[in-house]
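*Asks:* Before anything else, here's the structure in question.
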Amino acid sequence: MSDRVEVNERRSDSVSEKEPARDDARKDVTDDQEDAPPFMTANNARVMLVQAIGGSLNGYSIGFVGVYSTLFGYSTNCASFLQENSCTTVPNADCKWFVSPTGSSYCGWPEVTCRKEYAYSSPAEMPGALARCEADSRCRWSYSDEECQNPSGYSSSESGIFAGSMIAGCLIGSVFAGPLASKIGARLSFLLVGLVGVVASVMYHASCAADEFWVLIVGRFVIGLFLGVICVACPVYTDQNAHPKWKRTIGVMFQVFTTLGIFVAALMGLALGQSIRFDHDGDQKVMARMQGLCVFSTLFSLLTVVLGIVTRESRAKFDGGEEGRAELNPSEYGYVEMIPRLLMGCVMAGTLQLTGINAVMNYAPTIMGSLGLAPLVGNFVVMLWNFVTTLASIPLSYVFTMRHVFLFGSIFTSCMCLFMCGIPVYPGVSKKLEAKNGVAITGILLFILGFEVCVGPCYYVLTQDMFPPSFRPRGASFTQVAQFIFNLIINVCYPIATESISGGPSGNQDKGQAVAFIFFGGLGLICFVIQVFFLHPWDEERDGKKVVAPAIGKKELSEESIGNRAE
């Protein structure tokens, strides 16, 4: 009994000694909020520069997939070119100009041109042409164009590998992102990302020139390794260096600039792809256009190298550092203690990825093409909307808590997947093609609105706020690993699954797309229910250790001293 009383006395002493410090900390935070500098200060601008360059490189790498795949499809589709010189200069296909005695000359393939071999002259003949087309392994039926076509571009498995290769690299890179950023610091992390990005971009150019798919995949994997690092390093740097009053607002900018990078890729695709004159009698230089798309990847990588040279090192250090910098103890919390929050990080990652955003981002040209728009025009519309809607997250981050905005976005995007993009698109639900396409396109735009205003920007802030300051690099790294696992599953499986559910390449692709979005919506609703009950940002008073030995000669960095509460 006496031992127990003695322990209680010691505990009460330690608490009483600590409470004045906490009161002082809260007072300091209040003073910091009242005396906060304007938003546009030199220090905040430096932090925003990190978000701008890191986010833009990340976004362009994401948006690169759909545009490059579409341009590559043009470079392998002989049927698109209507004049002899443009036909014979197609870079990645063995196209031949056929001269017909009747005057209907055309560009086709030496072995078989499916649209000519299985042509039909009346609607009554279409079922027979479809059956003969499907019986020929060299051809596939297009339900949107209602004709037999030669396969062009990447197959569904190649598309999945192309989209998933960078994500596989990001998955591996994010495993080491937290420890790496803590050990070598932010500046060296950015420098390494930029240098590796330049190497990967050179591989893009080489792959384009030689039409070597494996070189492209290796380049994507390599840049993914260090994009996994930057997706952790940029939010952590912002959390540690932005002024507490503006930390949340600057934090959402990583997603804003990610969407800007995606938009730049879409804009380049529109400029390079829509300017191809298929009916012009001359070389359309499709390969040069593909090379032009790769140039911006090189540019953003070089800017990241410059960022690593000119940016300041983080104010927070782990286990030592320069005098005057806040010190964090990485051993304060272990993975076992953080299991509940790590699991909630996985659920957040599920909301981010398993509701289908990357299916929309990577396959927007294909999806919008199947809904009646020109692929690159549809892609541009989607990505422009994607960027514009993200801007609304900046003022919202200062008015509402990150948790509330994230939860609203979770339920909203899930409902859009189910009731706008999924069920109405399923064959037989809508008898009018225009109505089906109109509802689906509206659903995709509303889905992007909810994701980019609410889910995406808040996610990167919550990956910090979910964990205590000393655990944030490791916690954010773990959450990013989960996010990239889900991302990889979606990118690789989406094209393969939709094609298989549709009944193969010649099946009605609307069926597979509808089932996929119904699946996304269902998973999103499950994640939403879990998050309503268990998603709560870290609160030092509520969640922190109640008994902590005072550190001698060290500056403790608590939640109150590095940022305002998110809830």
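Backbone N, Cα and C atoms are what each Cβ position is placed from, and that goes for glycine too.
On a predicted model such as this, the values are computed, not experimentally measured, just so you know.
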*Asks:* Can I184 and L396 be said to be on one side of the membrane, going by the domain names in Swiss-Prot?
*Replies:* yes
*Asks:* Look over the recorded stretches 47-67, 190-210, 342-362, 405-425, 438-458 and say which has the most C-beta pairs under 8 A to the transmembrane segment (481-501).
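*Replies:* The listed stretch sharing the most Cβ pairs with the transmembrane segment (481-501) is 342-362.
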*Asks:* Same-chain Cβ contacts of the transmembrane segment (190-210) under 8 Å, 6 or more residues past its ends?
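*Replies:* Distant contacts of the transmembrane segment (190-210): 50, 53-54, 57, 184, 216, 218-220, 222-223, 225-227, 229-230, 233, 287, 290-291, 294, 297-298, 300-309, 311.
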*Asks:* What stretch, picked from 47-67, 290-310, 342-362, 515-535, has the most CB pairs under 8 A with the transmembrane segment (213-233)?
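*Replies:* Checked against 47-67, 290-310, 342-362, 515-535; highest Cβ contact count belongs to 47-67.
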*Asks:* Between the transmembrane segment (290-310) and the transmembrane segment (47-67), are there three or more CB pairs that fall under 8 A, provided the residues in each pair are separated by 6 or more in sequence?
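*Replies:* Contact criterion met.
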*Asks:* Counting only residues 6+ away from its ends, which parts of the chain sit with a Cβ under 8 Å from the transmembrane segment (405-425)?
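*Replies:* Those are 348, 351, 355-357, 393, 396-397, 435-436, 439-440, 442-444, 446-447, 450-451, 453-455, 458-459, 462, 510, 513-518, 520-525, 527-528, 531-532, 535, in sequence order.
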